[in-house]
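Okay, so here's the structure we're looking at.
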Amino acid sequence: MGTFGYFWLVIWAILGAINSSQADLQLNFYAKTCPKAEEIVQDYVHEHIPNAPSLAATLIRMHFHDCFVRGCDASILLNSTSSSGNQTEKAATPNRTVRGFDFIDRVKSLLEAECPGVVSCADIIALVARDSIVVTGGPYWRVPTGRRDGLISNASEALANIPRPTSNFSSLQTNFSNKGLDLKDLVLLSGAHTIGIAHCSAFSSRLYNFSGILGNQDPSLDSEYAANLKAKKCKTINDTTTIVEMDPGSFRTFDLSYYRLLLKRRGLFQSDAALTTSSTTLSYINELLQGSRQDFYKEFALSMEKMGRIDVKTGSSGEIRKHCAFVNS
């Protein structure tokens, strides 16, 4: 082989190594090792989510928060242990309002009964998130499987990597870019807020303490909407328990109304409002609103599949946990 041929062989080997983690994910990864795996997940979701549709929002949020810290490796599920003294991602502020851990555990126990030690907790999160959205009438997206579970989970990393509700546009752009996601992905994935709910504490600074000045209200928030929130929902700056719909009047429907609210300056979070401060993201919002719900679903599906591939562990990386809350001993 000539020098030139060897050079290209080396280049292809490097490119192959870079892309191997993504290439190792495949549709129906468990077809031979646990052929009923995806059916078991789907059946459980179909049985239980219709009775608690708000769980769909928290499960897709769990998937998002998991993928943004060390990749989609179920590190969000690990419990803190007294022996190590380490606080895991679960303990971090952004994850204290995440629900659905017991739901994931129940699905895992069904899969362990069917095929012990085969299906990862990381794949369970990805499949459950998708199936939950579908069963509540939302979009379908492909979920290639083969993720393995991570061994490390740190609260500090969750705090540093998960986008905050108080984020401005440049922070969001950096957060997403660091994960290989672009501005179109930012707009589309934010669209999941159409079925979201939030605690007052996530946005009360916009009502009572904007820019750290007590009594200040965020001027970018529609004043009528702000007055309504103060009078009927978040009546004090210290309210940490009241829950507010992120897409009032339509929060059970996965639709485009979230984007319409953004243009009316009625996005609940500063990070929602930030999407209208860039000409690029604003044009994406307007494009979505000019299209159909099905167009939105197709675009959202592509961004979800892309997110589900962030820094995945495959092959011999990580492990297949026996219990999602603990690494194998």
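For all residues, glycine too, the Cβ spot is worked out from N, Cα and C.
For reference, TrEMBL has these:
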ACT_SITE  His65  active site, proton acceptor
BINDING   Asp66, Val69, Gly71, Asp73, Ser75, Glu89  Ca(2+) 1 binding site
BINDING   Pro163  substrate binding site
BINDING   His193  heme b binding site
BINDING   Thr194, Asp247, Asp255  Ca(2+) 2 binding site
DISULFID  Cys34-Cys115  disulfide bond
DISULFID  Cys67-Cys72  disulfide bond
DISULFID  Cys121-Cys324  disulfide bond
DISULFID  Cys200-Cys234  disulfide bond
SIGNAL    1-23  signal peptide
SITE      Arg61  site 'Transition state stabilizer'
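Nearest in space to Cys115 (disulfide bond), taking C-alpha to C-alpha distance over the recorded positions His65, Ser75, Glu89, is Ser75. Residues Asp66, Val69, Gly71, Asp73, Ser75, Glu89 make up the record's Ca(2+) 1 site, and a Cβ search at 8 Å around their centroid adds His65, Cys67, Phe68, Arg70, Cys72, Ala74, Ile76, Gly150, Ser153 from the same chain.
In the structure shown, across all protein chains, Cys67 is the one of the disulfide-bonded residues Cys67, Cys115, Cys200, Cys234, Cys324 with the greatest number of other Cβ atoms within 10 Å.
Closest by Cα distance to Thr194 (Ca(2+) 2 binding site), from the recorded positions Arg61, Cys67, Glu89, Cys234, Cys324, is Arg61. In sequence order, Gly191, His193, Ile195, Ser250, Phe251, Thr253, Phe254, Leu256, Ser257, Tyr258 are the residues of the same chain, not among Thr194, Asp247, Asp255, whose CB sits within 8 A of the CB centroid for the Ca(2+) 2 site. Within 10 Å of the Cα of Cys67 (disulfide bond), the following recorded positions from the list Asp73, Ser75, Cys121 place their own Cα: Asp73, Ser75. Considering only the recorded positions Pro163, Cys234, Asp255, the residue whose Cα is spatially closest to the Cα of Glu89 (Ca(2+) 1 binding site) is Pro163. Cβ-based neighbour count (10 Å, all protein chains) for Cys121 (disulfide bond) stands at 30. Comparing Arg61 (site 'Transition state stabilizer') with Gly71 (Ca(2+) 1 binding site), their Cα atoms are 14 Å apart once rounded. Proximity to Cys121 (disulfide bond), defined by a C-alpha to C-alpha distance within 10 angstroms, is shown by the following recorded positions from Gly71, Asp73, Cys234, Asp255: Asp73.
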